[in-house]
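Enquirer: Can you keep this structure in mind? I'll have questions shortly.
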Amino acid sequence: MSGDCDFGLMGLAVMGENLALNVESRGYKVAVYNRTTSKVDDLIEGRAKGKNFVGTHTVEEFVKSVKRPRKLMMLVKAGPAVDAIIDQLIPLCDPGDIIIDGGNTLYSDTERRTKLVEEAGLLYVGCGVSGGEEGALKGPSMMPGGSKEAWPHIKEMFQAVSAKVGPNNDIPCCEWVGPRGAGHYVKMVHNGIEYGDMQLICEAYQLLREVGGLNNEELYDVFAEWNEGELQSYLIEITRDIFSAKDDQGGDAFLVDKILDVAGAKGTGKWMSQLALDLGVPSTLVTTAVFARGLSAQKEARVRASKTLNGPSESMNPEMRAAAMKLVGDRADFVESVRHALYASKIVSYAQGFVQLQAASAEHDWGLDYGNAALLWRGGCIIRAQFLDRIKDAFEADSNLENLLLHPFFKKAIEDAQAAWRTVVASAAILGIPVPAFSTALNYYDGYRLERLPANLLQAQRDYFGAHTYQRVDKDGWFHSEWLDLRKQPK
Ligand code: 2AM
């Protein structure tokens, strides 16, 4: 038996509820279910009142109310809950039905679940959904992967629901990403890039405040101006707005100044960092951003250390400080330098994200289309920015582009920004302002562009103490040397 709903959505927390309303608003009839069934009633009696919804109170009733082949989407807490629900759904579904996980799931779980669900004669989709509460309601970025046969069945609905971009606002930010866990992997990299973007913006904030002496009103103006140029993005826009918000607990202070400097994290940045380590690719921006959040969370230790550990005080090295202040220049110059540093670092961050995607795609045989991934992030999601059009163009022109930094547009952008970027990192170091993301981005750039790194010495050390062998610059093969015999003999 099956009902007449076009779509079923399970899990009515904020994202699920908003996505259900979004799907219904595009002309679909939607069945909803939630483990705590009072949430179903609240929705049906509240925001969904008078709309084309069917509220259900058991998983069986939920499944039965949807047309075959069923499209059943879960938006529940990632992890064991998803496995438990799949186990409940499989016996209730019919062959060809589609189970979709829209949560922030670790890609390897989606790899495993795709196989399991396909073996049961059903189809499985792991779909990254980004855009927060508002995106889910009005148009998120959607990154579906899994059983390819499911795509023709869900394409029209998902593309209707997703964000749209382009001059006519008709290009959906939803395309098929690839097999098994590919969609969730792309979503994870999106989140990792988001970590990098946010950390970079925070470093710009600290520099502008501590070195430039800008107050919140001035910061608002700077971010407003930045949002008109090449940095234009959702995150710059909301940062601008944050600087204008007054404390909602009363008083005339700005809310941002009342917020404790301890960062939270839900884990997708950590996953991306861990997977970068597994793949051996240097995704240093996300990793640095994760560590920066970790250091911020050690608030009590930092408070203690701040009373003991010295930075570069005025008296310590006045010449050096004067030189740094000269580098900083006047306030307008400094703001412009920080903008350049932010833009160049952001390019490096995205370059690293795509290198990781390339490595993961090769390892898992996903055949990812990188231009497509950039397009999916163009609208709806947290990292949405005009800049992504350039990335899409770069990969469309050359699908095998080894690194975004090599593309003429980005090469030129870094060339234009590089002097200011170096000035900012150098002066921050002299003045004792931590800029871990700005500097790791610069270090990656310098490391990547150098033909010769000191790893020859490293290989010598490894061979000396562990006979790990090394390669030579002038001959093929692997070599080991008897370093104890070769060294200068102690007198
Ligand atoms: P709840 O309202 O009954 O807690 C986000 O936590 C969403 O995931 C909520 O809708 C929550 O349902 C749901 N969820 C969490 N764990 C679940 C589980 N084991 N089974 C079903 N739904 C679950």
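Cβ atoms are placed via backbone N, Cα and C, with glycine included.
Annotations per TrEMBL:
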BINDING   Gly11, Leu12, Ala13, Val14, Met15, Gly16, Asn34, Arg35, Thr36, Val76, Lys77, Ala78, Asn104  NADP(+) binding site
BINDING   Asn104, Ser130, Gly131, Gly132, His190, Asn191, Tyr195, Lys266, Arg293, Arg462, His468  substrate binding site
DOMAIN    183-484  domain '6-phosphogluconate dehydrogenase C-terminal'
ACT_SITE  Lys187  active site, proton acceptor
ACT_SITE  Glu194  active site, proton donor
Enquirer: Long-range same-chain neighbours of Ala13 (NADP(+) binding site), Cβ under 8 Å, sequence gap at least 6?
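Expert: Correct list: Leu75, Val76.
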Enquirer: Consider only the recorded positions Gly11, Ala13, Asn34, Thr36, Glu194, Tyr195: which of them have a Cβ under 6 Å from an atom of ligand 1? Write none if no residue does.
Expert: Gly11, Ala13, Asn34, Thr36
Enquirer: Please give me the CB contact count at 10 A for His468 (substrate binding site), counting all chains in the structure.
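Expert: Cβ-Cβ neighbours of His468 (substrate binding site) within 10 Å number 12.
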Enquirer: Between the recorded positions Gly131, Lys187, His190, His468, which lies closest to Asn104 (NADP(+) binding site), Cα to Cα?
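Expert: When the Cα distances are compared, Lys187 comes out closest.
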Enquirer: When you tally the Cβ atoms that lie within 10 Å of each candidate's Cβ, which of the binding-site residues (Asn34, Thr36, Asn104) has the highest tally?
Expert: Asn34
Enquirer: Which one is it: of the recorded positions Asn34, Thr36, Lys77, Lys187, Glu194, whose Cα lies the shortest distance from the Cα of Arg293 (substrate binding site)?
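Expert: For Arg293 (substrate binding site), the closest Cα among Asn34, Thr36, Lys77, Lys187, Glu194 is found at Glu194.
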Enquirer: Considering all pairs of residues in Gly11, Leu12, Ala13, Val14, Met15, Gly16, Asn34, Arg35, Thr36, Val76, Lys77, Ala78, Asn104, annotated in the record as contacting NADP(+), what is the maximal C-alpha distance expressed in whole angstrom?
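Expert: The widest Cα-Cα gap among those binding residues is 21 Å.
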Enquirer: Taking each of Gly131, Lys187, His190, Glu194, His468 in turn, which of these recorded positions have a Cα lying within 10 angstroms of the Cα of Asn34 (NADP(+) binding site)?
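Expert: Passing the 10 Å Cα cut: none.
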Enquirer: When a 10 Å sphere is centred on the Cβ of Glu194 (active site, proton donor), how many other Cβ atoms does it contain?
Expert: 23
Enquirer: What's the most sparsely packed of the binding-site residues Met15, His190, Tyr195, Arg293, counting other C-beta atoms within 10 A?
Expert: Arg293
Enquirer: Taking only the recorded positions Gly11, Met15, Thr36, Lys77, Lys187, which one has a CA atom nearest to the CA atom of the residue listed as 'active site, proton donor'?
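Expert: Result for the residue listed as 'active site, proton donor': the nearest of the recorded positions is Lys187.
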Enquirer: Going by C-alpha positions, which of the binding-site residues (Gly11, Met15, Thr36) is nearest His190 (substrate binding site)?
Expert: Met15
Enquirer: With Cβ-Cβ distance below 8 Å and at least 6 positions apart along the chain, what are the contacts of the residue listed as 'active site, proton acceptor'? List them in sequence order.
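Expert: Sequence-distant Cβ neighbours: Asn104, Gly128, Val129, Ser130, Met143, Thr268.
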Enquirer: Using all protein chains in view, find how many other C-beta atoms are within 10 Å of the C-beta of Gly11 (NADP(+) binding site).
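Expert: Other Cβ atoms within 10 Å of Gly11 (NADP(+) binding site): 25.
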Enquirer: Taking all residues of the domain '6-phosphogluconate dehydrogenase C-terminal' (183-484) together, what is their mean pLDDT?
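Expert: Average per-residue pLDDT within the domain '6-phosphogluconate dehydrogenase C-terminal' (183-484): 96.
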